[in-house]
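What follows is a short report on a single structure.
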Amino acid sequence: MMPPTLTALTQELWDRRSQGRTGPKLTELDPGLTLDQAYAIQDQLLAQTLAEGEQLGGRKAGLTSAVKMRQAGVDQPIFGFLAVGWALENGGTLPPGQLIQPRVEGEICFITGAPLAAPDCTPATALNAVAQVALGIEIVDSRYPGYRFDLPSVVADNCSSGAYVLGQGVPLGDLGHPDRLEAEALSLGRNGQPLASGVGADVLGHPAAALATLVRHLAGRGQSLPPASLVFAGAVTPAFDVQAGDTITLSSPRLGQVRCTFGATS
């Protein structure tokens, strides 16, 4: 029996997201699925998302801690995309039932002011192209039950993308020289109670390292980051389950606060 085509696997993931359901890992449907093929599926998902009238809202990095990379058996992060329509306003409410099994994590985000395309991009080069830095709550979701997946399956599933909330951007120059983002302390809370904390160094030593790795990844695929690109640089905190009615906050000394609420059913 021939394995499903990449197009069929793309459609399977598309249907799961649109229908709000989970299913088997893609490697159970096609045991020979490679990481390169998984990114090809992700590219097809992006193309289909844009064809439906959405706009590309940004990029995201995952597996950006040494511990998570070791657990996944990889030596570099993984990457996905964000659509404009998946964004919530700071302080906004996610309608109930919009996601399957949402979890939240706290991140440092970049908004670029210049294009980035170099296949040998360094953290310093990447940081020189940054216009603003902000806090972001990524609301991840998975099309696999209980977030049980392997590397090709999660990459194909757009690295568990769901929704996101972006805080107020702070000009990079306002953070001083050096920027000390590696020491920026983030605090994630739920309903007024602390959940977790972390620092920028939890992301590859400095969040700009994740940005540079993303640029190199895109360059290897013939793509680039245009000016005004939003990049979620990877989780500083673990991911936490949320329930209807929860209010999530993320704050740090220099980047302010970002907040969202998960709508309760009436």
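Keep in mind that glycine also has a Cβ here, set from the backbone N, Cα and C atoms.
The feature domain 'Fumarylacetoacetase-like C-terminal' is assigned by TrEMBL to 99-261.
In the region 'Disordered' (1-29), helix, strand and coil residues by DSSP number 18 helix, 0 strand, 11 coil. The region 'Disordered' feature in TrEMBL is assigned to 1-29.
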Grab the same-chain neighbours of the region 'Disordered' (1-29) for me: Cβ-Cβ under 8 Å, and only residues 6 or more beyond its ends, written as numbers and ranges.
37-38, 40-41, 44-45, 48, 97, 99-101, 142-145, 148-150, 152-153, 156-158
